[in-house]
Structure formats: C-alpha cells, structure tokens
Amino acid sequence: MDAFKVIGGNPLRGDVVISGAKNAALPILMSALLSKTPIVFSNVPKLNDILTTVKLLGQLGAKTQWLSDNQLMIDASSIDICRAPYDLVKTMRASILVLGPLLARMGHAEVSLPGGCAIGARPVNLHIEGLKLMGADITVEDGYIIAKKEGRLSGATILMDMVSVTGTENLMMAAALADGITIIENAAREPEIVDLAECLISMGAKITGAGTNTLTIEGVSELNGKEYSVMPDRIETGTFLVAAAVTQGHIKCLNTDPTALEAVLAKLKEAGALITTGEDWIEIEMTGPAKAVNIRTAPHPAFPTDMQAQFMTMNVLAEGTATVIETIFENRFMHVPELQRMGADIALEGNTAIVKGVETLNGAQVMATDLRASASLVIAGLVAKSPTQVDRIYHIDRGYLCIEGKLQGLGANITRIKAD
Ligand SMILES: CC(=O)N[C@H]1[C@@H](OP(=O)(O)OP(=O)(O)OC[C@H]2O[C@@H](n3ccc(=O)[nH]c3=O)[C@H](O)[C@@H]2O)O[C@H](CO)[C@@H](O)[C@@H]1O
Ligand SMILES: C=C(OP(=O)(O)O)C(=O)O
C-alpha cells in the first residue's frame, strides 16, 4: 500500500483549487439511477470513491463515460441489474445509496450490508425503516438487504430517530419517484443534502425544505436529467485551511463556498486566524501559534465530525488546553494514539479528548486508519521536527483528489512512496 513521506517545516503559501465535494458527488451520481435520460455531471472529483461508484453503476447496467477529468456522463436509461455486490460495498459504505434509487426505479434492490468500519458501527436501520414506511417489503438474507415493492413506492411521513445524512439522501431519492407526498422529519440539513435536492429538482423532482429539518417531496412518475454541477468540497477546503493555520502559512482556497463552512471558519477565527472570504474563495493567514479551541461535533449547521481530526492536530500544537467532544461516531479518535506517538499530549475520556498544546511534534511512522484521521496525520507531519511516514494512505485516496500534488503546490515537502 502507498505511503506518504512528509518533511515538516514549510509554511503553506499560495493558491489551491478545491475539487467537487465527494460527499455530494456520491449521492448525486447514484441519483442518475432515477433518470430515464443520460446526465452529464461536472465538477466531479475523480477520486477513488468516485471510481468505485462508476464501477458500481456499470455493474447495474448504466453506461458511464468520462468526458473530461471532472465531467462524467451517466446513462441509466436501460439499467437491468438490481444487485450491489459485497466486493464493492465493502470498499465504500456510500454504496448503500443505490438502495433508494434502485427500489424506486426498478421495484427491486439487493444491496450488501456495509458492515462496521473504523469510525463506528454505522447501522443502516433508518434507511430500511423509512423505505418500509413507503411500502417496501425488506428482508436481510445472507448479508444482503433485499427490498421489493410491486408498483411505485407510496408517499409516507417519516420521522427519523437520529439525524442521518445518507439516510436522508436515500429516502429523498426514493420519495422523488413515489406515488404521493413524503415528509421526512428530523432530516439532515448538510449542504450536500441541499445539493442533492437541487440535482433532483433539475431532473423534475418536486422537493421543498432542503436545508431545513423537514423535507417535503411530492413524487413524480418519471425523472429526466440533463446536466448538473457538484458543489465544492467543504471538508477538503477545511482541511487545507487547517493545514495553513498549523504551519502558520497564508493560502487562498479557490472554487469553494464559504457559506458551507460557517462553523469551521468561526473556530479558525477563534484560534487566531485572519480569514477573508469572497463569493467563491477563502483566504487564511496565521502569524503565530493557534490558540486552543474547544470543539463539539454535531449535525449541520454545528461543527462537522469530518473536521474533528484536523482540528485535533491544530489543538495539539496550540497555546492552551482544548476539549474535543465527538458526538456523531463512537470510534472517531483513532488518530489520537498516532498523534501521541508524535509527542501530542491528549487524554481520552469516552467521547471527549482533552488536548494540552505542546510546542513541537516529532516525526514518526504512523498509520492512517480512516479518511480524516489520515489528513490529520499529514498535517501533523507538515510541522513535525523530523520526517513522518504516513502508512496505509488508501483511505486518503478515497476522499482527497491528489492531496500531495495540491500540498506540493503550496510549498509542502510531501512525496508518495509507491507500494511495490
Ligand atoms: C458519504 C457521506 O456523506 N458520508 C458522511 C455521512 O455519513 P453517514 O451518512 O454514513 O452518517 P450518518 O449521518 O448516517 O450517521 C450519523 C449517526 O447516525 C447513526 N445512524 C445512521 C444511520 C442509521 O440508519 N442508523 C444510525 O444509527 C450512525 O451510526 C452515526 O452515529 O455523514 C457523516 C456525518 O456527518 C459524515 O461523517 C460522513 O462523511
Ligand atoms: C467518513 C467519511 O466518509 P464515508 O462516509 O464515505 O466513510 C468522510 O468523508 O469523512
């Protein structure tokens, strides 16, 4: 497996172009399964999770073609297979997002249960319960969710027990082709939900309330997409901003959307960063060590769990002591022991990390355990006093488009060590 070698000491400086959002592109590409016409998607980040999605859509009978590096055409007019196999689902949990569209379009879906992963158990009960309320007959057999419905799904009122991003997305896609009105209460409000809703609306869906906790979807009998451009990646943006802050650098993120990052920008300002924003750019300048900032992750618009690990690294080197509370996933502190090996002072108590700032970190050979944990270790490497090797970076390749190239462009000393 590939690894990164990072030699710290260079403050990041310059411009970086932000890619399309992985977590918006995944449901949006799956939504092509609902369309009887081919759709051209742009601003699609060609990273590993997207390549997995393309493979999965191909296995279901959709035709896919890259028109350029970030433009993908999907033609699902004649899909004929309803099974998402374990081999693909196990490499990408978001494969569960084919469940709603396949069931709505074909009346039948078989999707391997994704299983647990590094950051938590991550069950999909809310996806299943919601579809059952819409009239689906769902069983679990031999590790597969088997969902069937004769005729169209029926509109229903669904109160989600917990806020679930992909759960809301799956149900919204299914409801778009259902017979009648579906109301999803306690819906997720993440910007990626709004982007998916806008994509579905461009296909002819009738959806209101995206971005609030109540979604209303009036089902239509057919959807016909044409083109859609994916929103910028707010988590990639946040990751570069934190990397600039930790290295006491000065960078500008281009092709991004500051309105999707309010909680993150507020915390960076609290840490002492000078932030300026325009319609599609964010500039950050940091002229001294960060001040420690308390973090509590929660559903949007609160602080995103996908930025927790990166802020942990910032706090590790900050002036003062910070408390980092993770409320979304039960096991999202896997970066902590690795940061400790580099000299971090972190005490864990359940879902709370107490981080006492230290002046320097030492480089070490560390192991990337999940996507954002990997990013936090790369950031730590950018300031460590000796070289750092981050192993198992396939996680980072799942979710960041050429992170090393973008960091090199900002002056970082990072190289990929290719596996034999
Ligand atoms: C591809 C994608 O968009 N991934 C994001 C999505 O993941 P994902 O959509 O998988 O995360 P959820 O919002 O569903 O999970 C939130 C919490 O609800 C729980 N839960 C969820 C569904 C369910 O049926 N039952 C249940 O108990 C989960 O275990 C977790 O504790 O939102 C997370 C929370 O912002 C982000 O960290 C992920 O990057
Ligand atoms: C946890 C993440 O992704 P996924 O839901 O695909 O595992 C993430 O993007 O940080």
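All residue numbers here begin at 1 and follow the chain in the order shown.
Note: Cβ is positioned from N, Cα and C throughout, glycine not excepted.
The annotation active site, proton donor is assigned in TrEMBL to Cys117.
Note: Asn23 (phosphoenolpyruvate binding site) has non-local neighbours Ala94, Val165, Glu190, Glu192, Asp233, Ile235, Asp306, i.e. same-chain residues 6+ apart with C-beta under 8 A of its own C-beta. According to DSSP, Asn23 (phosphoenolpyruvate binding site) sits within a helical segment. Annotation comment: TrEMBL describes Lys22, Asn23 as phosphoenolpyruvate binding site.
The feature UDP-N-acetyl-alpha-D-glucosamine binding site is assigned by TrEMBL to Arg93, Asp306, Ile328. The Cβ of Ile328 (UDP-N-acetyl-alpha-D-glucosamine binding site) lies under 8 Å from the Cβ of Thr297, Ala298, Pro299, Thr305, each of these being in the same chain and 6 or more residues away along the sequence.
Residues annotated as domain 'Enolpyruvate transferase' in TrEMBL: 8-407.
Among the features that TrEMBL reports, 2-(S-cysteinyl)pyruvic acid O-phosphothioketal is placed at Cys117.
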Looking only at C-alpha atoms, tell me how far Lys22 (phosphoenolpyruvate binding site) is from Arg93 (UDP-N-acetyl-alpha-D-glucosamine binding site), rounded to the nearest Å.
13
Site extent for UDP-N-acetyl-alpha-D-glucosamine (largest Cα pair distance over Arg93, Asp306, Ile328, Å):
16
What's the number of neighbouring CB atoms sitting within 10 A of the CB on Asp306 (UDP-N-acetyl-alpha-D-glucosamine binding site)?
25
Mind looking up the mean pLDDT for the domain 'Enolpyruvate transferase' (8-407) in the predicted model?
97
Which residue among the binding-site residues Lys22, Arg93 has the fewest other Cβ atoms within 10 Å of its Cβ, if you could check?
Arg93
DSSP three-state call for Asp306 (UDP-N-acetyl-alpha-D-glucosamine binding site): helix, strand or coil?
helix
Filter the candidate list Arg93, Asp306, Ile328 of binding-site residues, keeping only entries whose CB is under 6 Å from an atom of ligand 2.
Arg93, Asp306
